[in-house]
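Per TrEMBL, the features are as follows:
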- 12-29: transmembrane segment (TRANSMEM)
- 88-109: transmembrane segment (TRANSMEM)
- 121-154: transmembrane segment (TRANSMEM)
- 174-197: transmembrane segment (TRANSMEM)
- 218-242: transmembrane segment (TRANSMEM)
- 273-292: transmembrane segment (TRANSMEM)
- 299-317: transmembrane segment (TRANSMEM)
- 323-343: transmembrane segment (TRANSMEM)
- 355-379: transmembrane segment (TRANSMEM)
Amino acid sequence: MEQGDRLHWWQTRWFVLFATLVAMVPLLWPEIPPLVDLPGHMGRYRVQFTYDSVPWLREWYDFRWQLMGNLGVDLAIIPMAKLFGLELGVKLIVLTIPAMTVAGFLFIAREVHGRIPATALFALPLAYAFPFHFGFVNFAFSMGLAMLAFGLWLRLGRLGKFRLRAILFVPISVLIWVAHTFGWGVLGVLAFSAELIRQHDLRRNRALPWYQDLKNGWIAPFFFAGIQCLSMALPAVLMVLWRGGEHVSGQTFDWFNWRAKTLWVTQVFRDRWQLFDLASVGVIFLLMLRAIRDPNIQYSRNLGLSALFLLLVYILLPRVVFGSAYADMRLVPFLIAIAILAIRPKPGLSMRGAAVVAALGLAFFLGRIGATTASFYLYDKAYDRELKALEHLPVGARLVSFVGETCYNEWAMTRLQHVPGLALERRLAYTNDQWSMPGGQLLTVRYRAAKRFAHDPSELVTNVQCPREWWRPIARSLALFPRDAFDYVWLIRPPAFDKRYEQGLIPVWRDGPSVLYRVDHDVPGPELNPGDLPIPRPEAVLIREAEAAGELPGNGTAPPS
């Protein structure tokens, strides 16, 4: 804790309020938050509200309410849609996510250190990390709640209100689990590690070295920390009931993918401008390295142990859990944030030095927020341009969409991958971008006439067959999709293709490479000839070719898909 009793500007409630409000700024302008998966989720929300009143939706989709650990925004949108409409309701909910995350970070720092250390400001930009940009909104909503809940856990423990804490965290843990399982799991890890340190300090014999007092210093604290955390155990029962159902699908695989785990760390700020995003990663790692080497800075044992526990979880967590991809990647920003929040100056550091650090942290936060605001503005313009196609799409149309993708995944994603979901949300049209994983979400696809073009990832197309991907080349998709099952085809920035694949497709709207076609059912589709598809090439060759053509910076950091 810094010297003196006077609160400095970064330690005041006014600053917490300011930082919380600033965290919302990037999301104020876009009508639809430009997060990769969010438009697809919005399509599901529309089905949620109209399933019983729109008969053709029941022909295409199966929507069933069930208890699961993935319902955060699905439940929150119910009152919000009634008050504000679906799109504005979703926007307002998403606005709260970075605000809750920033407020939670500062709450945790305040409770652990007594006052907010100047270094804590460097953690705030992680509210806009890569997992949030990906549109994992239920996960992000749950993690925002979990950060606030962990701050409350620490506060009640500091005040000695253990019975009240035990009572409160029964419903709190269930609420966070229902929002998303991940938030509950992370909250449990953080609460247990914090309680372990508290029990260790309470029970150890300070006259003995730690290795001579393992029973009182660590074994007994481990047991009693677990007892304290039992108030959060009820979701474990709900988890067994959920995952034990016969209807549940989704595999867990891809363990210890070290290349991916390394890339998730370096890409934690991945948004649009690669050099700026990588430099931002360098700033936070320089800070953490400085905290290790600088004699004037130290790590809190409480949050330091929490960060170590989260690191262990990250190492052990596979890439895909219960069919949900990028499970390990989602933990990275919170692992780094907790490690940063653990940093504090040692007693005796001058206030002038702390003020300089705080000013640098604030500049870092505002710089990231400004860049994200500009990035979201540009994504919003791209959304507006593509969504003009929906003005020409009839309500209830059977639509198959193909969104252009590349094998090397540019640093700046187009974020158009699930824009077809807005055809379902706005025009009640069938869209092939919905996820269909029984037990993973409330909606599954049952439109059998669509065959292999019924659900995600059939909407993604490339110019060649990508290594290790289910995405199809554009020529194959246009030639093979079942034309009797669809009335319209929406191409969103597709790769170049032979125009003969437009056979039987009548353009009704066009803007650059993006086109909306009406299917002429009286004209047969084109045949796919053996020489029509480019010969697949190794991933490294594809990346080198893209770099040589100027389509990809020579960085070699494209993530595995």
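Cβ coordinates come from backbone N, Cα and C, glycine included.
Remark: the transmembrane segment (88-109) makes no contact with the transmembrane segment (355-379), by the rule of 3 or more CB pairs under 8 A. Beyond the transmembrane segment (218-242), the same-chain residues lying 6 or more positions past its ends with a Cβ under 8 Å from any Cβ of the stretch are 66-69, 162, 165-167, 169-170, 172-174, 176-177, 181, 184, 187-188, 191-192, 195-196, 198-200, 202-204, 210, 248, 439.
The transmembrane segment (299-317) is in contact with the transmembrane segment (174-197), judged by 3+ CB-CB distances under 8 Å for residue pairs 6 or more apart in sequence. Long-range Cβ contacts of the transmembrane segment (121-154) within its own chain (Cβ-Cβ under 8 Å, at least 6 residues beyond either end) map to 10, 19, 23, 26, 35-38, 40-41, 70-74, 76, 93-94, 96-112, 165, 168-169, 172, 175-177, 179-184, 186-187, 190-191, 194, 264, 267-271, 280, 283-284, 287, 326, 329-330, 332-334, 336-337, 340-341, 358, 361-362, 364-365, 368-369, 372, 413, 415, 418. When Cβ-Cβ distances below 8 Å are used as the criterion, the transmembrane segment (174-197) is approached by residues 67-72, 75, 138-139, 141-143, 145-146, 149-150, 153-154, 157, 221-222, 224-226, 228-229, 232, 234-235, 238-239, 301-303, 305-306, 308-310, 313, 327, 330-331, 334, 338 of the same chain, each at least six residues removed from its ends. The transmembrane segment (323-343) shares the most Cβ pairs under 8 Å with 273-292, out of the stretches 12-29, 273-292, 355-379.
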